[in-house]
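What follows is a set of notes on a single structure, which appears directly below.
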Amino acid sequence: MIRLGAPQTLVLLTLLVAAVLRCQGQDVQEAGSCVQDGQRYNDKDVWKPEPCRICVCDTGTVLCDDIICEDVKDCLSPEIPFGECCPICPTDLATASGQPGPKGQKGEPGDIKDIVGPKGPPGPQGPAGEQGPRGDRGDKGEKGAPGPRGRDGEPGTPGNPGPPGPPGPPGPPGLGGNFAAQMAGGFDEKAGGAQLGVMQGPMGPMGPRGPPGPAGAPGPQGFQGNPGEPGEPGVSGPMGPRGPPGPPGKPGDDGEAGKPGKAGERGPPGPQGARGFPGTPGLPGVKGHRGYPGLDGAKGEAGAPGVKGESGSPGENGSPGPMGPRGLPGERGRTGPAGAAGARGNDGQPGPAGPPGPVGPAGGPGFPGAPGAKGEAGPTGARGPEGAQGPRGEPGTPGSPGPAGASGNPGTDGIPGAKGSAGAPGIAGAPGFPGPRGPPGPQGATGPLGPKGQTGEPGIAGFKGEQGPKGEPGPAGPQGAPGPAGEEGKRGARGEPGGVGPIGPPGERGAPGNRGFPGQDGLAGPKGAPGERGPSGLAGPKGANGDPGRPGEPGLPGARGLTGRPGDAGPQGKVGPSGAPGEDGRPGPPGPQGARGQPGVMGFPGPKGANGEPGKAGEKGLPGAPGLRGLPGKDGETGAAGPPGPAGPAGERGEQGAPGPSGFQGLPGPPGPPGEGGKPGDQGVPGEAGAPGLVGPRGERGFPGERGSPGAQGLQGPRGLPGTPGTDGPKGASGPAGPPGAQGPPGLQGMPGERGAAGIAGPKGDRGDVGEKGPEGAPGKDGGRGLTGPIGPPGPAGANGEKGEVGPPGPAGSAGARGAPGERGETGPPGPAGFAGPPGADGQPGAKGEQGEAGQKGDAGAPGPQGPSGAPGPQGPTGVTGPKGARGAQGPPGATGFPGAAGRVGPPGSNGNPGPPGPPGPSGKDGPKGARGDSGPPGRAGEPGLQGPAGPPGEKGEPGDDGPSGAEGPPGPQGLAGQRGIVGLPGQRGERGFPGLPGPSGEPGKQGAPGASGDRGPPGPVGPPGLTGPAGEPGREGSPGADGPPGRDGAAGVKGDRGETGAVGAPGAPGPPGSPGPAGPTGKQGDRGEAGAQGPMGPSGPAGARGIQGPQGPRGDKGEAGEPGERGLKGHRGFTGLQGLPGPPGPSGDQGASGPAGPSGPRGPPGPVGPSGKDGANGIPGPIGPPGPRGRSGETGPAGPPGNPGPPGPPGPPGPGIDMSAFAGLGPREKGPDPLQYMRADQAAGGLRQHDAEVDATLKSLNNQIESIRSPEGSRKNPARTCRDLKLCHPEWKSGDYWIDPNQGCTLDAMKVFCNMETGETCVYPNPANVPKKNWWSSKSKEKKHIWFGETINGGFHFSYGDDNLAPNTANVQMTFLRLLSTEGSQNITYHCKNSIAYLDEAAGNLKKALLIQGSNDVEIRAEGNSRFTYTALKDGCTKHTGKWGKTVIEYRSQKTSRLPIIDIAPMDIGGPEQEFGVDIGPVCFL
């Protein structure tokens, strides 16, 4: 074990401090450091400002304490070393290098072998030596004192063997066979004694069976056994002689009912019976045919905008839109790149003749001939040179159409078209087949108890039953004859007090006592049997029509009506949330095989199927080839420490180390096992007579001696103190009956008697009114599964399903070729069940069945009338001895027992209470005066002191200023119930009720003769008050009483700081479209656009009109006249001319129609604050509020100075043996001190107390920190989790503001709340706490609806909670944790109104204009409806429009903490110019 000196201990403790403390979020250097005498110390530093004073820095506070020195005894000249406080005794050891340390407790004997130390002083007397040789026989001793009483004698001769006893319990496990292996461990010399370590060996084999033991002693006399079970019946005896005739028997039972007579004729129809109980619901019918489609319903209201859907697949291309208006001419574009060469045109007509060619060489001179006759045409000459290209010809006629081109690539899908209007209703389809059998309906409500059945005919006799269970013990047998007298027994111990003796005869009649207080009312007697029905009264005059009543409770479900005709289709409802999928019904029975249907049309390709289940794992493959060696990976992170390895082999012996510092005193070790007894020593020489010893401790109590003879009668002693009451004695026998007592004085007035027993049932009462419908019973457990019922009639046609949304278009399939007809298919699965056939004709009546089994026992009959009281019976025998009396008072303490065996060392106990302060030490020397410390934080308020004597009355002071009126107090507890009032007069007639459900149609009555109309009778007199009706349900909590007298005017409050700008509200509704603005001026011409990218080549345009003839070319040199050519063909078309300049702008177009209103813009900034209104009149003073919250508890005071040193610790465990081999060669020394000197002297050295003072201070600081975690204070530095935790830790604290941190962790996000210490509630303040009173909403709409303040009203806001200094999301997180830690929440809201109704509308008498409030989980909480979502009004001062301010206080309580706090409020009765409101938001409280 490592022994630590004080410095190491401090380091460890400092680390421990750091680990225990939670994050306080403070900079160590700044917040936790301390300054003393101009010197800065870090948190947890320990220093000595002077030798006898020690200080520690504890989170910014300096704690100092004086060092207390112990006396240095047996020292002639103690010295105080430099810088130390306590004196030590110097030694004369000049050669030692240092002062010797303090001596430890005496160690156990070490293990020193064969080392001769220096000669020591003579030792103390050694232990007794080994046993010597036997000594001579001594003289005869004196007669001893009489010995203790001998044991009982040997038992008598054994009796006859008893019957074998029951098998005994299993014996303890035997020792194993190899006992030698269990003797492990030997002696542990360090502990100072031998320890026998018994280790369990393996179980040995079973030994041979032992011989039978000796016969046991005869058992005691057994108790009388229970009477045996009755024996089997004996064999029947012979027939006896015929007896005399008996007396006539009792009249026999009624015979069985005769067979029913023939049916009588049908009587006239009786009056309509009372409405029967509803029948049990029928089984669900078979699904009916599909109904005809209903008419289109009216268009439903627009649904709330849905969540944005996923992007749809692209729709098909839309049809081309209409042609737009002609645009303005654009700027002239840049010259485009040259187009591709056009197709070759048709040949043009030949152009005009070209200019004459050059002059040819002169021909030979011809002969001038006369003109000859015209010759024939010569052969065609050679082709002349090609002329220039002529102008372009006219376009040719269009060619015939070319072959069809290849299909283009599919275009991209167009945008989805608008949803088509609903189509006309389709032709009604053929009726569908009945659907499969539906799943069984839910278990119907249990029907009412049916009427009692008629008594069944007696059943056949049953078989003989099995043997019944053993009967209970029979009555005790008759008293046996008295046995012989036994020997006289010893006198028994005193019996318990006897039971009460029989009652003595009554005493004389006492004088009457004073009148007692009236007893409490007795319990109501049981309700009498119902009286017989009285005769019908005369019909009263017809009353006036009453006002419509409140809606009645829903009646019981009526009998099933006839199937109605299908109703008109209702308007399309909003899409409900999708329900949870129902459980699969049981498959119906297979129907008969239907005829084979026609082959269906080929369906659209189905949606992609769900992924299949994963396939079974394949068989294990062959192992793959080994892969290539991978690259070396990055170095891994350092792994966690591995488990400790096995112990290595022992190393070589190290050198002797230097002696370490002495350790702290250890705890005492467990006591060692007792050593073996030593052998008896030799008889020693008789010593001299010793001096008389001190009186020894009191010995253990000896065995009692034999009884001495009685002593002489002593003197009368003084009266002893009363002893402690003894234990209960055994019960004594009953005493004889006492004589009758004398007449007593009249008794005191008695206490009110207990509530009397229930009275005898009264006479049969009148039939009671029909009771109110009871609350809905808890659902019964599911019944067992019933048998399958018969198929019910078809149900009514279901309503039309909603039209499904258009599915995405599937990919177009290619048209398949018509397939060849297939082979005949296999028989199809059985078709659905056919329609139910018509019922068959009635069958013949069956043969009479066998006699049925005995019916169940009928219900118990109504109890008969009570018989007359019987005469008193004779006095019964003396009762059984009563139960044992109550436990007596505690007896005197018994004699001291023998000391028990030493227990195991227990675990260390928890810290004890601090001991009483020690005596004050001697005052130290006065130190220099320290600098004035910083003022400490204020301490906690002290406990109130004892009340001092009353001072003289002071003079009358001046009257103080009026205090501000407090906040409104919570409603007081409910008062005690008042006395029962007189039965009231009948109430006013209720409002007219809503019509009930239609009853079943009765049979038509006969036509009555019209009666003459009677005169209206006079109203009857008011009847006597009726009997008290049954107790109604408790009413709603009454509204609070009227305001108390007004309090004194409070002083005017200081004007509050300007609030921060509220959060941006939701955008307002769009305004009406504005009038169109004037046309703007023509804009400047824009910069020239860049050249566009080259477009794709367009199709050839139509042929243009013929171009204008080009200008005349320059005149050529005159040629010689050529031969006239033929007329040339038309030339090519000229090039297009340049684009002209842009024309002037056209006139302005007509004004366009006004466009649709754009979306509303973002909310504008809040307008400037308007001028202040006139000061309002002073309000009525509010009621006096509850006491204000408790102030913040002070910060923790500084830790006190360290306490006085504790008592010395227990001695440490035995030290290890010292290896003395280092001293082996010393031998006897001539010079110098004995090296073992310090190992010998047995006086304990004085401890060095100052080393422990530093540790004490650190531990005290640590203890404070841990204590603050275990018991939080509710301060900002040490917040609690909830106020309930604070109340548990500090039940005496008062209600007030405290800090809590529900999410724990760092305390920087703690929040300030109000703790109600009476209830443990945690109340979080709203921020801000009110909505100013003003006109918040103006609306000209006649239609009133609820307007949410935070969501709809301009400038409104959702209510938020928590501190100003907390971010809103931090407060929300804390509230979430607070809700999780709580089981109930409540909150009040005060609505200030001016001409606005908050709860009850007094004029209309209903709650339709009541406020709505919104919980934090967005649930709406109303004034009426489901009780889980309704609030209550504690005070309602806003029931009508008075033109003055009033207020209504509403409260909502729920165990669903997620609904609180309230985050928004919606009034309905607002919007007018005179209607104003404001809200005070109360704190939300969780418990």
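One is the number of the first residue shown, and numbering goes on along the chain from there.
Cβ from N, Cα, C; glycine included.
Swiss-Prot assigns the feature region 'Nonhelical region (C-terminal)' to residues 1215-1241, out of the candidate ranges 1215-1241, 1404-1430, 1458-1484. According to Swiss-Prot, Cys1315 forms a disulfide bond with Cys1283, chosen from Cys1283, Cys1289, Cys1393, Cys1438. Among Cys85, Cys86, Cys89, Cys1485, the one Swiss-Prot lists as the disulfide partner of Cys1323 is Cys1485.
The recorded disulfide partner of Cys1438, taken from Swiss-Prot and restricted to Cys1306, Cys1393, is Cys1393. A coil conformation is recorded for Lys287 (O-linked glycosylation site) in the three-state DSSP classification, outside any helix or strand.
Confidence for the domain 'VWFC' (32-90), expressed as mean pLDDT, is 87. Other C-beta atoms found within 10 angstroms of the C-beta of Lys287 (O-linked glycosylation site) number 17, with every protein chain shown included. The domain 'VWFC' (32-90): residue composition by secondary structure is 0 helix, 25 strand, 34 coil, according to DSSP.
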